[in-house]
Amino acid sequence: MLTKFETKSNRVKGLSFHPKRPWILASLHSGVIQLWDYRMGTLIDRFDEHEGPVRGVHFHSSQPLFVSGGDDYKIKVWNYKLHRCLFTLLGHLDYIRTVQFHHENPWIVSASDDQTIRIWNWQSRTCISVLTGHNHYVMCASFHPKEDLVVSASLDQTVRVWDIGALKKKSASPADDLMRFSQMNSDLFGGVDAIVKYVLEGHDRGVNWASFHPTLPLIVSGADDRQVKLWRMNETKAWEVDTLPSHMNNVSSVMRTGIQTFRREHDRFWILAVHPEINLLAAGHDNGMIVFKLERERPAFALSGDSLFYAKDRFLRYYEYSTQKDSQVIPIRRPGTPSLNQSPRTLSYSPTENAVLICSDLDGGSYELYIIPKDSVGRSDVVQDAKRGTGGSAVFIARNRFAVLEKSTSQVLVKNLKNEVVKKSSLPIPTDAIFYAGTGNLLCRSEDKVVIFDLQQRLVLGELQTPFVRYVVWSNDMESVALLSKHTIIIASKKLVLQCTLHETIRVKSGAWDDNGVFIYTTLNHIKYCLPNGDSGIIRTLDVPIYITKVSGNTIFCLDRDGKNRAITINATEYIFKLALLRKRYDHVMSMIKNSQLCGQAMIAYLQQKGFPEVALHFVEDERIRFNLALESGNISVAVASATEINEKDHWYRLGVEALRQGNSRIVEFAYQQTKNFERLSFLYLITGNLDKLSKLMKIAEVKNNVMGQFHNALYLGDVKERVKILENAGHLPLAYITASVHGLNDIAERLAIELGDNVPSLPEGKTPSLLMPPPPIMCGGDWPLLRVMKGIFEGGLESANRGGTVDEEEEDVEGDWGEGLDKFDVDGMENTDIEAILDGVEAAEDEDDEEGGWGGLEDLELPPELDTPKASANARSSIFVTPTQGMPVSQIWSQKSSLAAEQAAAGSFDTAMRLLHRQLGIKNFAPLKSMFLDLFSGSHSYLRAFSSSPVVPLAIERGWSESSSPNVRGPPALVFDFSQLEAKLKSGYKATTAGKLSEALRVFLSILQTIPLVVVESRREVDDVKELVIIVKEYVLGLQMELKRREMKDDPVRQQELAAYFTHCKLQTPHLRLAYFSAMTVCYKAKNMATAAHFARSLLDTNPTIESQARTARQVMQAADRNMTDATALNYDFRNPFVICGSTYVPIYKGQKDVACPYCTARFVPSQEGNICSVCDLAVIGADASGLLCSASQVR
């Protein structure tokens, strides 16, 4: 049983296959009817009008209809194209069990619990016959596939066969039906349209199902007596011929005879359906349905040069590709048994010995070895005794040696042609199948990986993690292999180095390599291709699945499910073109562009995606697409031509943006003029230093009464008098006065002061005004200089292809007529509209009547007509300016090469840096690191000023750069943080601690702890130093946090003593440890805890304190404690039991108690703190999984 599709749903009571499409209807106990595509595994539609369970459902053989019957006594006819119920047939008085369309007439037969069978005309929507006779529920009724018979099964323990010949002879037109309707009512239970032909009695319990054989005069029935009976019939009688008593429970549905047993432990099966044309069955059960087939249909075959050996109809056959001649070779039968070897799974051929190995699933896995006589091709009468053996797989590995897999022991037996074991070898993995992988090599498959194993040297040559591999296809040169899974294709090298992976939603069926190294494969309904880089596409669709055996040029040779050889011609242009692009065979690309019909949105999108928009330009005639492609490829001349054709504001704007990016100021000006965008023109003239045109634009703004535009232009020009005049005319006299006064225009300022009178604004005293004056242009900027380069490979090549010549790689001709090639716009010959012309048009408009449209003339600029594309002389030497290809940014190189978080941050890849820190150290709180990320990024980049009209040039600063460094090899980025800085910070932290500045010391130590993840060192020894520094600083941060907390707690003396005691258990430098002991001793002594104070005094004296006052105080405390060695209050502190301190709650975690740690600073915490941010380093998540600190390239190597 090969399961093809399975669903989970309510109990399935009815099933019906569509005769043509891969669809199946399932009617559920919940009242829903589902329409599934079992090939794609998707739910297409659901129909939900029945009230209660739907027990019967059936597709029409030719119309887009299906019929359903349910427990609501209704029969509904549906149109699945319209997604609705067309009409309902009423008449039954109880549950409807089954419904079925007639194969020719417009009839429906239905069986019901009201003990009747009804035949309906679905065109006239009337009941045309009622079949009565059963005296219990009628469980099913169905038409004979060819004759005028109906078979029914009932719980009255009988099967009845009805003759409906008389009904067929009557007219089935709607008018006749209506005429007969009254007669039918009068004789409702005694009609003569259908008569009982046979009553089959033999079951001991109620009969649940009966159906006709599609071709033979047989009936099969199943009943509650757990038996399946087979009945034969002729013209006069019917009799029982066989009983099949194998079921363990009631039989509810039957389709011919049993072959295998399928069982579900907790589900009952209710209904079976068989596909009318192909080898598929479906079974409905309590929790869904299964679509399956009983046996494999894939023929076993082996390719050898120009010939194919394959198994079909119990014969080994031979097919020659060149002559397309097909012949039988030998029968493959088991001597002594009448049955032949069924369903070979694999076939392996040794051409030198003319030997064939055939493997099948018989006896749990077996093989048969045949030696083909030289003269037996074409003769099928030679029956030979095959050499047999058991084994999961068998395959030839050399001329006269084959390998057999023993699954139980994962061993391979190497045998000779006499079937004798020559060698035994254990396999490196538990293997369930072996495949050929070159002479002496095996490809071993397990559940989730494959390995290539050399049997001679007993070495694993390659290993690859894969989904469960079903088939293995080697390329002709054995350099590549395709591993086919159910929905995946993996392409790998001969050493199993992964090249690409391809996922399919539909099952992959077969595949073969073509002569160019492209893998051609089939799914259930497509022939597709896969290029070496993983790009794939559809070659053509399929009506039925095929199994590819060989690909030669444009022909695919294959076997169909009937085992017939077929040759299918395909159009390989698309994938050959893509392959040529992939392999940079641009001469082939150019020739295909000129000679092939390559077009379509998919091809254009592919070329854009792969970075060849200039190639896509040659396919496109639509001006909008040409415009987009030209912008993408930087071809400004084609973009101008297309924008002129389209002549829309948005396209001119985008052209201006691209031209500005390329520094082509003339085209920027032209584009802005086309859209009358005076603001952008003003700024363009400012940055290019074109003051003449800027002053003309100011006059245009004045004529258009555009005060802001006029003021901006005056500001750009540095014309102070004009600015004062504009402000005065606009009524802003105070601003005009201030502007004139500041810029030294005293006569104008005096005149304005008189006009203002008492409202003269006062200027601030003692301040020097900064004047709003633009820098004067030193040089007027034109177009940016472009590199003088040869034409691109596609442009030059296509031009020579136009001339019918060939492309010579050494002397590529760059002359020729470019007008025909790409319809480019002559940018050099293009004249921009003079601003004077615009100004003249504006002034002329002043004379017109206001009512005629005011400034309407301004909106219709007198621009020159579209220029014809000039054609260069065919003999004139010319060089083309082409924008150089943009290189890879240094930051991107850094990001690709490094796995250190600091270098990723320096490259600007903050996301990557954060992911690395999270993975390595469990860091989740990145707020403290934000400023350091920014410092790293800005510290590894510098900027140089370029031309006034061009952006600044970024420079990457590399670590360890020298003048002798190669310019083509990029070093790692320079970093602003290094280990020596941290050592200096550590000393300042020690100094602050000694001086008692604990808050400042804590800030320094915390800064060190948060900087360490972004430090990079060179050697392994320095890595150890960094890790040691983390531990040192962590101890100080924890200790200082506790000490500061103690000093805040004035009103809790017990907690004060505990924190002081815990502080002494931090691993501090000796001077600081003495201070901690002295502080704890003092606090405990004051609280009358003499025993604890004596412990700290003793510990202090053990450190040999250098300050005499500390030693003297400690001795005095010990003397006082000796007289009264008691504690006034109990503390949560036991210095005899080793412990660590929780970094969050500051309680001891004694040895043996559970704890969790910070993955970065290793601080310990009580288990309840797991998942919180570490309170010591304030970075990492407590208890998170992390791989460890990575701060040196030496760790990666």
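Each Cβ is built from the backbone N, Cα and C atoms, and glycine gets one as well.
As written in TrEMBL, here are the features:
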- 5-46: repeat 'WD' (REPEAT)
- 47-88: repeat 'WD' (REPEAT)
- 89-130: repeat 'WD' (REPEAT)
- 131-164: repeat 'WD' (REPEAT)
- 200-241: repeat 'WD' (REPEAT)
- 316-560: domain 'COPA/B second beta-propeller' (DOMAIN)
- 586-745: domain 'COPA/B TPR' (DOMAIN)
- 791-1197: domain 'Coatomer alpha subunit C-terminal' (DOMAIN)
- 801-826: region 'Disordered' (REGION)
- 807-820: compositional bias 'Acidic residues' (COMPBIAS)
- Note on the structure: Across the repeat 'WD' (131-164), DSSP labelling yields 0 helix, 20 strand, 14 coil
- Intrachain residues whose Cβ lies under 8 Å of the repeat 'WD' (47-88), provided they are six or more past its termini: 11, 13-19, 23, 25-33, 35, 94-101, 103, 108, 110-112, 120, 122, 125, 276
- In the repeat 'WD' (89-130), how many residues does DSSP call helix, how many strand, and how many coil? 0 helix, 25 strand, 17 coil
- Per-state residue totals over the repeat 'WD' (47-88) - DSSP helix, strand, coil: 0 helix, 24 strand, 18 coil
- Sequence-remote contacts (6 or more beyond its ends) of the repeat 'WD' (131-164), Cβ cut-off under 8 Å? 94-95, 97-98, 100, 102-103, 107, 109-113, 115-119, 189-190, 193-201, 203-212, 214, 219, 221, 223-224, 231, 233, 238
- Tally the residues of the repeat 'WD' (5-46) by DSSP class, grouping H, G and I as helix, E and B as strand, and everything else as coil. 0 helix, 26 strand, 16 coil
- Message: I'd like the per-state residue tally for the repeat 'WD' (200-241) from DSSP, helix first, then strand, then coil.
- Response: 0 helix, 24 strand, 18 coil
